[in-house]
Amino acid sequence: MRDVSSLDAAIAGRLKRDDSGLVPAVVQDATSRAVLMVGWMDDEALHRTLTTGRSTFWSRSRGEYWVKGETSGHTQHVREVRLDCDGDTLLVVVDQVGPACHTGATTCFDEDLLT
């Protein structure tokens, strides 16, 4: 079971979540503007991200919160978080330390070009 969130009610009221209470979070490098990865946040993950300055996500497969880089050391220091015009996607702008992808690639979009 997920924690009860302390997310500011004004922010929480603007989010459009999926049926699982999640919002996709697109992570972008502050310097290069490259899209690094996509994770999932619920209210508590967003609250933790905003208050700690570290990207925190909800793992759908493990059913737990995780902080990017906690194990690998490839941390994300959050500069800003934006909500898109529809309220259903977050943009997390970060200073990335090391590769963003668990494969060791700079981004999770470095492989598998479809066009």
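Including glycine, each Cβ sits where the backbone N, Cα and C put it.
TrEMBL: automatically predicted annotations, no manual curation.
Fair warning: this is a prediction, and the values are worked out from it, not measured in the lab.
The feature domain 'Phosphoribosyl-AMP cyclohydrolase' is assigned by TrEMBL to 37-109. The annotation Mg(2+) binding site is assigned in TrEMBL to ASP84, ASP86, ASP88. What TrEMBL lists as Zn(2+) binding site is CYS85, CYS101, CYS108.
ASP88 (Mg(2+) binding site) and CYS101 (Zn(2+) binding site) are 23 Å apart (CA-CA, integer value).
In this structure, ASP86 (Mg(2+) binding site) belongs to neither helix nor strand by DSSP; it is coil.
In this structure, the binding-site residues CYS85, CYS101, CYS108 were compared by how many other Cβ atoms lie within 10 Å of their Cβ, and the smallest count belongs to CYS85. Taking the Cβ of ASP86 (Mg(2+) binding site) as reference, residues of its chain lying under 8 Å away and at least six apart in sequence are, in sequence order, LYS16. In the domain 'Phosphoribosyl-AMP cyclohydrolase' (37-109), the DSSP tally of helix, strand and coil residues is 10 helix, 29 strand, 34 coil.
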